[in-house]
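Colleague: Here's a structure for you.
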Amino acid sequence: MYTSHEDIGYDLEDDRKAKNKKTLKPHPDIDGGWAWMMVLSSFFVHILIMGSQMALGVLNVEWLEEFHQSRGLTAWVSSLSMGITLIVGPFIGLFINTCGCRQTAIIGGLVNSLGWVLSAYAANVQSLFITFGVAAGLGSGMAYLPAVVMVGRYFQKRRALAQGLSTTGTGFGTFLMTVLLKYLCAEYGWRNAMFIQGALSLNLCVCGALMRPLSPEKVENCPEAEEPRALPAYSTESVKSGGPLGMTEEQDRRPGNEEMVCDLQTQECQGQTHPRKNVCAFRVLKTVSQLTVQVRRGFRDWHSGYFGTASLFTNRMFVAFIFWALFAYSSFVIPFIHLPEIVSLYNLSEQNDAFPLTSIIAILHIFGKVILGAVADLPCISVWNVFLIANFTLVLSIFLLPLMHTYASLAVICALIGFSSGYFSLMPVVTEDLVGTEHLANAYGIIICANGISALLGPPFAGWIFDITQKYDFSFYICGLLYTVGILFLLIQPCIQMIEQSRRKCIEGAHV
């Protein structure tokens, strides 16, 4: 099967750049030190964002009883929040490029909290579309992407394991938030529950404050000629180190900028003999000028990564991966949104209240991410093989779910869904195999955007199918079928490329 990006046929960097990178020593915090604080910060971000979103099935039942709207329309509230969180990924990269991960995450925490609080006063489902779907979803996206970015920056050797540990927050969060929201809704009502959740979301600002950027001054033994490229693979604010995003934050700390700071200090010292207003005006103009240059540079790098000559869409294997992502995430999201109602239709509410099926998915999701991440880091194991096996297990579970009508059988299927969905922790690593380090930042933004579209359309689609057929069975079958087609695209595309390469070699040999 797959082993590396060389097998897929995607060219990374030339030998000269590779040799230059080998002369650089990694940052002392890489794979240790403050890197584990990044894992902890990302872990809590996943609890507060992804965990709460996976527990929205509890609120979805409350909204159905409160507003008496169709299941398809009501499901748009949850799917908008999940979808926008991921869809805005490519655009949040522009914020990271100009402001840095720390500021972006803090602002995202404030916006997310505001969305939850305003949703507590919603008068109808349409209001929730704006306050919860758009506002809270946008804030979640601004806090979520920096959490993935910083883990990628701080880890090299144990990246799959680190991503797996940090994203286990989704499983812990789903378990905790499901219990918490059910308790709050029972004790205080869903409106007060959302208000309290908004207050808890302010902790995202604390997580953002922990996202300390790497300083290139700590790098040892860097060749003097290579100083302008001090940390090409470790210090960029990208989903994975080495991406084009976030270069401006590191460039501002380089010697040229230090001279500018010294000049500013000299001007301030000289300004003691001049009116103080002139010094303040000079500082304001200098700040505005630097910010303008930073924004323009960030936008140029962001635009060239998506639409420039190095466009990722010329890589057909990556395009097939996008097609897979469009259908994969909905198969994971739909059970979380609609399982609480499915168990009530099967008269299993009493057993589900004792131990919710969504909690089973969440717990096994935790183990799946850690175990699959650790296995994928083994030198004798292919990340792609682990990724594909987990996908096949998940799609099989989706097909079997409608056939189960007892709590025990549903629990077994939910356990399989939870464990196999742990492949999400491998997605940054798999994306690197497809496009290489230099393009990973933009590539991962596109992938999570495709996942966002899947999360946006999946739950409403399942709700519409139920409104027509009075069953959820057909929605699982259709989503599973589309998911299977996406996996087949991933399998067929390398075969097509190998055939084309063989044909090209035959043509070249005939000419010789």
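Just so it is clear, glycine is given a Cβ too, placed from its N, Cα and C backbone atoms.
Unlike curated records, TrEMBL annotations are generated automatically.
Features from TrEMBL:
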type: DOMAIN; residues: 38-498; note: domain 'Major facilitator superfamily (MFS) profile'
type: REGION; residues: 233-254; note: region 'Disordered'
type: TRANSMEM; residues: 34-56; note: transmembrane segment
type: TRANSMEM; residues: 76-97; note: transmembrane segment
type: TRANSMEM; residues: 104-123; note: transmembrane segment
type: TRANSMEM; residues: 129-149; note: transmembrane segment
type: TRANSMEM; residues: 317-337; note: transmembrane segment
type: TRANSMEM; residues: 357-376; note: transmembrane segment
type: TRANSMEM; residues: 383-401; note: transmembrane segment
type: TRANSMEM; residues: 407-430; note: transmembrane segment
type: TRANSMEM; residues: 442-462; note: transmembrane segment
type: TRANSMEM; residues: 474-496; note: transmembrane segment
Colleague: Checking distant contacts: for the transmembrane segment (474-496), what same-chain residues at least six beyond its ends satisfy Cβ-Cβ under 8 A?
Modeller: 2, 7-8, 316-317, 320-321, 323-328, 330-331, 334, 388, 391-392, 394-395, 398-399, 401-402, 458, 461-462, 465-466
Colleague: Mind looking up the mean pLDDT for the domain 'Major facilitator superfamily (MFS) profile' (38-498) in the predicted model?
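Modeller: Mean pLDDT for the domain 'Major facilitator superfamily (MFS) profile' (38-498): 78.
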Colleague: Of the listed stretches 34-56, 317-337, 357-376, 383-401, which one has the most C-beta pairs under 8 A with the transmembrane segment (407-430)?
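Modeller: If we count Cβ pairs closer than 8 Å to the transmembrane segment (407-430), 357-376 scores highest.
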Colleague: Out of 34-56, 129-149, 317-337, 357-376, which stretch touches the transmembrane segment (442-462) the most, going by CB pairs under 8 Å?
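Modeller: It is 317-337 that shares the most Cβ pairs under 8 Å with the transmembrane segment (442-462).
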Colleague: Which residues of the chain, 6 or more past the ends of the transmembrane segment (317-337), have a CB below 8 A from one of its CBs?
Modeller: 8-10, 54-57, 60, 75, 78-79, 82, 86, 174, 357-358, 361, 391, 394-395, 398, 401, 414, 417, 421, 430-431, 434-435, 443, 446-448, 450-455, 457-459, 461-462, 475-476, 479-480, 482-483, 485-487, 489-490, 492-494, 497
Colleague: Going along the chain, which residues at least six beyond the ends of the transmembrane segment (34-56) come within the CB cut-off of under 8 Å?
Modeller: 77-78, 81-82, 85, 105, 112, 140, 143-144, 147-148, 150-151, 153-155, 162, 165-178, 180-181, 197, 200-201, 203-204, 207-208, 210-212, 333, 336-337, 358, 362
